[in-house]
Amino acid sequence: MQQLLNTALGGLTLGMVYAAFALALVLIWRSTRIVNFAQAPMAMVTTFVALVVVDAGHSYWLAFAAALVSGLLLGAVVERLVVRPVEGGPEINAVILTLGLFIVLHALAAVVFGNRYRSFPAPFGVRGLEVGGTTIALTGFGVFTVLAVLVTMGLLLALFRYTDVGLRMRASAFNPEVARLLGVRVGRMLTLGWALASLVGSLAGLLIAGGSLVHPAYMDSVVVYGFVAAVLGGLDSPIGAVVGGLLLGVALSFVSGYVGSQLVALAALVILMLVLTLRPGGLFAQAAARRV
Amino acid sequence: MLTVTDLSAGYGPVRALDGVSFTADRGRVTAVLGANGAGKTTLLRTISGLHRADRGSVELDGSRLDRVAAERMPALGLAHVPEGRGVITELTVEENLRLGGLGRAGRVDPADLERVYTLFPVLADRRAALAHVLSGGERQMLVIARALMARPTMLLLDEPSLGLAPRIVAQIFELLRGLVESESLSVLLVEQNARSALSIAHRGVVLNLGRVVADDDADVLAADDQLRHAYLGF
Amino acid sequence: MATALRRGRTWWAGSVLGRHLLVALLGLVVVVVVLESASDFRNLQLASMAYLGIAAGGLTVLTGLNGQISLGHGALMAIGAYTTALLLDDRDAGTPLPLVVLAAVAVTLLVGAVVGAAAARLHGPYLAGATLALAVAVPGIALYFKEQLGGEQGLRVVLPDIPTWVLDLAFFVTGQDLTRSRYVACLAWLTLIVTFVLLANLSRTRVGRRWRAVRDDEVAAELAGIRLGRARVSAFVVSAAAAGAAGAMMAITVRLAAPSGFTITLSLTLLTAVVLGGLGSLGGALLGAALLTFLPQVVTDLGVDAGLSDIQAAELAPLVYGLVMVVVVLVAPAGLVGTARTALLRRRLQRAGTGTSTSTSTDTAAPTSTSTTSKGTTT
Ligand SMILES: Nc1ncnc2c1ncn2[C@@H]1O[C@H](COP(=O)(O)OP(=O)(O)OP(=O)(O)O)[C@@H](O)[C@H]1O
Ligand SMILES: [Mg+2]
């Protein structure tokens with residue numbers, strides 16, 4: 001019973017991170033029809049930025065902020081300089097481009113920061129909280145993880161729902177040509193979208209790194225889990241991505257706890273193939289086919 | 001006043017517009033007529049900067065529009081309702097309208113919203129609904145209302161009657177006529193349905209294979225049997 | 001008239017096969033000469049170039065000719081390698097090497113059929129994501145079945161003794177004793193040549209034409225009576241078989257099958273080779289494999305000269321590949337060889353006086369090259 005609870009709790013915490021990462025992928029997919037496989041190394045690079053700030057003797061929070069800001073900038077720069085020319089082109093070009101970027105960022109991080117495991121600080125305890133005399137699998141940092149993702153999602157939701165910029169961004173994503181006719185600078189909105197997505201990716205990277213080890217490859221599998229979560233939710237829906245992330249987190253946590261942690265990625269693959277075969281539009285797809 | 005001079009444009013080897021010149025007067029409805037593939041849509045897209053002109057110029061009230069990016073048009077007083085309407089179905093009715101308002105000055109004037117809701121009460125009733133659920137006629141009203149949100153001086157409409165019942169078309173044209181009279185809005189109305197277009201237009205320009213083959217007052221065009229048979233199909 | 005046409009075509013096809021065999025024979029001679037004069041170290045390097053080339057050849061057929069992308073070919077290589085390792089677990093294993101390789105190919109082919117069937121309905125980013133998941137998942141299987149598959153340590157591969165007739169033959173031809181590394185390199189290159197001849201011929205047959213038709217225009221292909229799913233699966237299966245052979249060669253070259261050899265990096269590396277060499281071109285795949293094998297040393301040396309530490313300098317090579325990959329997509333979407341070939345073709349056409357700007361040849365250029373121009377009109 002206790003193991004069941006703990007597995008579920010661990011899954012939810014992890015699921016939150018996958019949700020954030022899936023959300024980052026969905027934001028980009030919605031606006032540019034590109035799955036940004038480079039999201040993982042982009043997040044990794046910003047985590048290393050945080051590590052540099054920490055190494056320089058500054059506080060965790062300054063490092064945290066530095067990583068998020070550098071995520072924002074990196075996303076904008078990548079969209080503007082590298083991705084812009086392939087937008088609207090053949091999809092295979094975009095795939096190859098983001099993978100090329102994946103390799104570049106990996107290698108760059110290894111050259112600049114070294115190709116070894118480094119420990120990353122956490123601002124809160126990473127030992128299980130005590131509830132009624134027993135230790136549960138929820139850590140202080142886990143609580144922070146959940147809250148950080150929830151707050152970020154709330155802010156994003158508010159941005160998209162209630163602000164003019166959000167409205168322009170959504171219009172650019174749904175119908176770029178009409179948006180242009182209505183005076184929206186679509187290019188800027190895409191850049192902003194990539195920047196925000198990259199920020200959310202950075203957040204996921206920081207949350208995975210906290211109290212653990214970082215390495216140029218430490219986010220690689222997360223991009224797979226984020227992708228699976230996003231596909232679970234339909235790849236087009238931010239809410240779907242969040243729900244997909246949580247479901248996947250719990251599912252993988254159970255696989256890890258009851259079968260073996262080595263098979264987590266295999267389980268993710270199986271889930272992905274099941275979804276793509278049985279419900280290609282995602283778990284929550286309506287009967288009506290989506291545009292495009 | 002919109003002045004188009006010697007405008008040419010194409011798609012690769014295809015010449016869709018070939019030296020088109022005409023003017024659309026202020027406070028008037030100018031109909032652009034012609035068969036399928038005559039270049040009507042290309043004309044509007046080139047005027048509003050969605051498509052690049054190879055040659056020629058476009059002026060709106062004295063300022064040059066060619067080489068101006070499409071996204072700056074609302075600020076210059078030009079609104080373009082594209083073929084197939086361009087409702088953003090994923091947004092609500094009000095969001096569509098607000099988007100129209102943002103184009104002019106970067107923020108929405110609540111008075112504009114009130115105005116279009118009075119003009120189109122149907123939309124007021126459904127302001128919170130997703131545009132996805134609107135009927136064809138309602139969608140056409142929505143895109144016209146959305147264009148009006150930017151307080152344009154010149155409105156480009158691409159086949160507003162497409163796929164609508166005659167009664168709805170009459171209603172929409174009636175509304176347009178009212179707007180033109182009360183607010184001295186200028187309209188460039190692209191239509192295949194020449195008869196109804198000429199019924200509200202003051203002037204008509206007939207395109208064939210990318211060239212202007214007639215440019216005259218609407219009643220003159222409607223009375224020209226030869227032209228009607230050759231190009232207007234009624 | 002019709003018979004004459006048909007005879008014309010068979011004669012032509014025969015000549016293509018003949019040409020392929022001739023090239024293969026020439027290749028074999030070159031390989032023997034090069035391997036014979038190379039050091040043991042170089043031989044192992046050449047062997048790894050060969051297995052990368054085999055896998056890249058399979059991938060380039062899939063991506064270039066059929067328009068499918070796979071980031072899972074590293075995982076497929078792992079399956080070939082582990083099969084080889086299981087069959088060659090000790091010196092008296094007794095299975096003849098050719099059989100081992102065939103078994104590795106067969107097992108990978110089966111897995112490829114399953115993966116391909118699942119992947120057939122996917123396109124672009126979905127396919128990339130799913131095969132990426134495969135690449136991440138497969139090493140975990142080896143870790144989970146520790147008993148059978150050796151876990152983190154992996155399985156050692158015991159190369160059987162070189163048959164005496166081979167030793168004799170080698171001595172007779174070269175006048176030298178055949179070292180084990182040279183033997184391995186010869187095997188790898190022989191496999192490469194066989195694979196390439198098969199792939200080259202396959203892509204000239206009706207099957208290959210179907211793959212290209214599906215890549216170029218699904219609707220048109222379907223209207224022409226081509227079963228899209230079947231064409232996709234068959235391309236995937238063929239490509240997987242090549243990856244299996246590559247895995248087998250990798251296993252006997254590095255004498256180990258371990259999870260650390262089959263990371264995402266391997267899959268991405270193969271993709272790099274294919275992109276560098278120009279999608280759809282076997283020669284390009286080989287060129288890509290050569291770059292992947294020999295460039296690192298050059299770049300690393302340069303890095304060390306420039307004052308980087310060894311570890312840092314070792315990362316310069318992937319940096320270069322990645323950059324080249326990005327640049328290739330941005331400036332030459334068909335890859336280096338593909339673009340060069342298109343340029344050549346255009347020049348030839350111009351010289352012939354036709355002068356029309358034909359779209360790129362549908363034969364070998366990637367789907368990437370055909371529609372990149374459509375974008376400029378609206379922006
Ligand atoms: N994107 C395009 N690419 C190539 N050719 C095009 C494109 N759009 C239009 N054309 C060609 O340009 C010419 C004019 O087309 P256009 O759409 O302007 O005609 P239209 O008068 O609006 O026709 P309709 O009444 O059917 O809407 C046609 O010959 C058409 O085939
Ligand atoms: Mg039209």
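Using the three backbone atoms N, Cα and C, a Cβ is placed for every residue, glycine included.
Copied over from TrEMBL, here are the features:
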type	residues	note
TRANSMEM	A:6-27	transmembrane segment
TRANSMEM	A:34-54	transmembrane segment
TRANSMEM	A:60-82	transmembrane segment
TRANSMEM	A:94-114	transmembrane segment
TRANSMEM	A:134-160	transmembrane segment
TRANSMEM	A:190-211	transmembrane segment
TRANSMEM	A:265-285	transmembrane segment
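Below 8 angstroms of C-beta separation, residues 2, 5-7, 9-10, 12-13, 16-17, 19-20, 23, 122-128, 166-167, 169-170, 196, 200, 203-204, 207, 210-211, 238, 242 of the same chain, each at least six residues beyond the ends of the transmembrane segment (A:134-160), sit close to that stretch. Segment contact holds for the transmembrane segment (A:94-114) and the transmembrane segment (A:34-54), given three or more CB pairs below 8 angstroms at sequence separation of 6 or more. Cβ atoms under 8 Å from those of the transmembrane segment (A:265-285) belong to residues 221, 224-225, 227-228, 231-237, 240, 243-244, 247-248, 251-252, 255, 259 of the same chain, restricted to positions at least 6 beyond its ends. Among A:6-27, A:60-82, A:190-211, A:60-82 has the largest number of CB pairs under 8 A with the transmembrane segment (A:34-54).
When Cβ-Cβ distances below 8 Å are used as the criterion, the transmembrane segment (A:6-27) is approached by residues 35-36, 39, 43, 136-139, 142, 145-146, 149-150, 152-153, 156, 193, 196-198, 200-201, 203-204, 207-208, 222-223, 225-227, 229-230, 233, 235-238, 240-254, 256-258 of the same chain, each at least six residues removed from its ends.
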